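In TrEMBL this protein carries:
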BINDING   47-52, 182-188, 207-211, 276-279, ALA333  GTP binding site
BINDING   SER51, THR188  Mg(2+) binding site
Amino acid sequence: MGCTGSKELDPEEKAAAKANANIDRMIRNDKKIADRTVKILLLGAGESGKSTIIKQMRIIHAGGFPHDERRQTRAVIYSNLVVAFKVILDIMKTESISFEQCEKSEPLAQLINETEPDVDSDEAFSDLTVRDAMKDLWVDEGVQKAVARGHEFALHDNLQYYFDSIDRLFEPDWLPNNNDMLHSRLRTTGITETLFELESANFRMMDVGGQRSERKKWIHCFEGVNCLLFMVALSGYDQCLVEDQTANQMHEAMMLFEALVNGDWFKTKPVILFLNKMDLFKAKIGKSPISRHFPDYQGPEDDFEVASAYFADKFRGMARLPDREVYHHFTNATDTTLLSVTMKSVQDMVIQRNLNDLIL
């Protein structure tokens, strides 16, 4: 009686078997990478600086911004600048603020109001009459009165940075540098991610839009998170929300943080608090009293150390879970050097806290 051996595969079957083996190997490799990836979720109210953190991680760890993206961002920055001037003119109208030099400034204001903010990158910054109108309006005392009221009307805080560089922006073939990119403001909708590697671990940082209409998407990102990084704009203590001018940015941030830090999703996860925009905060506290918006503040109005500690203590005091630690850092998200040092400290702590879950 003859014995039967295994049937030799034909070339087509061999190719299929090889393809399956390759797929299995890729799946194993992907799982290995996923197992040693630290997932950091960035949350916070709108205008807190989350998107700027993502941009900084790209600069520090992922090679920065390609030429095409920089060129497209010209249009974003132009829109930021034109919209900001339109907001200023709206403030003047709403609050009945007059121009110091009506005969000169009113035609310039009409030019700005007729300027289309949404143009392509080639058209952006091409009209020097827009530049000259902005420069002449800026020195009008009535315009400066409106700028001083900007925190009540969601005037973006990147205006001063861009106006200080206005001649450079209107130069032929100007391309945004890293600082220009960091200050650009484009509302985050949906989820933005960046991946980077540090030492022996991969990091996946996720930014979800912070404005009210975007928050229903937050819960879809909670699964598998190793760390919550909550962003607060210190300078928002006297500012309204973009989406609701009757609501205070800092009050909104406190409400969100209290719900997240005491909820079930992150009760065993490290929570890191970034008290951001400390440069803007330091510059404004002497002019806009904290006690006007937070009556329990008893410290000197112009003392940065006392004022910043007051807000840090307020947020840390919201954590009611036993053994809950909130690690806080004072940051300027637009300062690459400072943020690089801060994030190294954060990354070391997160890796240490998640050693049992990571395969390193």
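Note that Cβ sites are derived from N, Cα and C of the backbone, with glycine treated the same way.
TrEMBL: automatically predicted annotations, no manual curation.
The structure displayed is predicted, hence computed values, not measured ones.
Positions of the features from TrEMBL, shown on the structure.
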| residue | record | DSSP (3 states) |
| --- | --- | --- |
| GLU47 | GTP binding site | coil |
| LEU182 | GTP binding site | helix |
| ASN276 | GTP binding site | strand |
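The binding-site residues close to SER51 (Mg(2+) binding site), defined as a CA atom within 10 A of its CA, are ARG185 out of ARG185, ASN276, ASP279.
GLU47 (GTP binding site): 27 other CB atoms within 10 A of its CB, across all protein chains. For ARG185 (GTP binding site), the count of additional Cβ atoms within 10 Å of its Cβ stands at 20 [all protein chains shown]. In the structure shown, the C-beta of ASN276 has more C-beta neighbours within 10 angstroms than that of any other entry among the binding-site residues SER51, ASN276. Of the listed binding-site residues LYS50, LEU182, ASP279, the Cβ environment within 10 Å is emptiest of other Cβ atoms at ASP279.
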